[in-house]
Amino acid sequence: MSYKRDYETSRRGAKKQQDIRLQDLHRDWYHVFERFKPNRNGEVKLSDMRRYLSMPELRTYIPEDAIDTMLRLADKDQNGMINYDEFLDMVVGYDYMASDRPIVRSALRAAAYTVVPRNERRYLAEYSCCPPPLFMILISFVELGVFLYYTVPLVQDKGLIGLSGPVPFDSILIYDPYRRYEAWRFVSYMLVHAGLTHIIFNIIMQLVLGVPLEMVHRWWRIMIVYLAGVVAGSLATSVTDPNVFLCGASGGVYALITAHLASVILNWKEMEFAWFRLIAFIILTGTDVGVAVYDRVILDKQTKVGYMAHLGGAVAGLLIGINVLRNLRRRRWEKVVWWCSLTLYLLLMVAGIVWNVLSIEGYFPKPRYN
């Protein structure tokens, strides 16, 4: 009985020591494994691991011909991926000679600290054409097609089209203050443009601004930002200028401009040339706001430019951009900004919708139903 009791005590002591060693290994090597940028399933591609270990600066640690053997032994399930347990097997090194274990560990540690860590991803590295940035290209073609649909018959009848017209006021797509009950007009007005200058400027701007955003944040996020700016632009115009017709995608374009600012806010430390992007944004918006104030306040100039649509789109692009655009590294204060942006956006949208639904007598023009 004494022998059996001693055996059990010894076995428990050995197991406890083994657990302590495993905990030490986990504490020392888990953060190293994280630096190899595992996917959501906690796995690193075998090809990526080989690429990291084959970097020229690591040739002094492990020979090129030994890397394939080491990775082949590590990939136990032969699925082309290395999970954390398989990575620990590489560290422990049961599958190769004891004399090689320190070399392998040094190589893994050196490779991990040479690779950019997952929580320090750089913004430029996130640019990708997979999936392809097709939304801005497709919406631009649709807008161009609608413009030609309304323009070609006018050209055939009257000869020449102007740079700033004609405007198809009878279109079922244009925002008509006398037909606010046709709710689709609050979105569809973005497809109608007033002349060559309007359509060309908007298409160029949204392609220049939108495609780079799509390459980082993916097409569906940019679609949400763009459409949010369009709706916010028409609501802002209907509330502040209730008798104004509205056409053009400028609300969406200005949403793309401020979406760049939202991306800078979310990814300041991960973004290269963040100061340059911020200064470019300040110059662009400052110039536009300055021209608008000078025209409307100082010169008291009557213009066809929908400044409130621009402002509404810009505010929506910033607020909804903070909510939907990718954040490469989440920080605690950004959660507060996220909720504040969402709350303010919803309050403004609900206020604009309720104001239109109430149809205050004498404020909006009388509806036309025929």
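Placed from the backbone N, Cα and C atoms, the Cβ positions cover glycine too.
Unlike curated entries, TrEMBL annotations are predicted automatically.
Since this is a predicted model, take the numbers as computed values, not measurements.
Database features, via TrEMBL:
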DOMAIN    62-97  domain 'EF-hand'
TRANSMEM  134-152  transmembrane segment
TRANSMEM  186-207  transmembrane segment
TRANSMEM  219-237  transmembrane segment
TRANSMEM  243-268  transmembrane segment
TRANSMEM  275-294  transmembrane segment
TRANSMEM  306-325  transmembrane segment
TRANSMEM  337-358  transmembrane segment
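Over the domain 'EF-hand' (62-97) the predicted model carries a mean pLDDT of 73. Of the candidate ranges 134-152, 186-207, 219-237, 306-325, 337-358, 306-325 has the most C-beta pairs within less than 8 angstroms of the transmembrane segment (243-268). Within the chain, the transmembrane segment (306-325) has long-range Cβ neighbours (under 8 A, six or more residues past its boundaries) at 213, 217, 221, 224-225, 228-237, 240-241, 244, 246, 248, 250-259, 261-263, 265-266, 285, 288, 292, 296, 337-338, 341-342, 344-345, 348. Here the transmembrane segment (219-237) has long-range neighbours at 131-136, 139, 175, 185-187, 189-190, 206, 210, 213, 244, 246, 249-256, 259, 306, 308-317, 320-321, 324-326, 345, 348-349, 352-353, 356, meaning same-chain residues at least 6 beyond its ends whose C-beta is under 8 angstroms from one of its own. Note on the transmembrane segment (186-207): residues 136-137, 139-140, 142-144, 146-147, 150, 161-168, 171-175, 226-227, 230-231, 234-235, 238, 246-253, 256, 304 of its chain, located 6 or more positions outside it, place their CB under 8 angstroms from a CB of the stretch.
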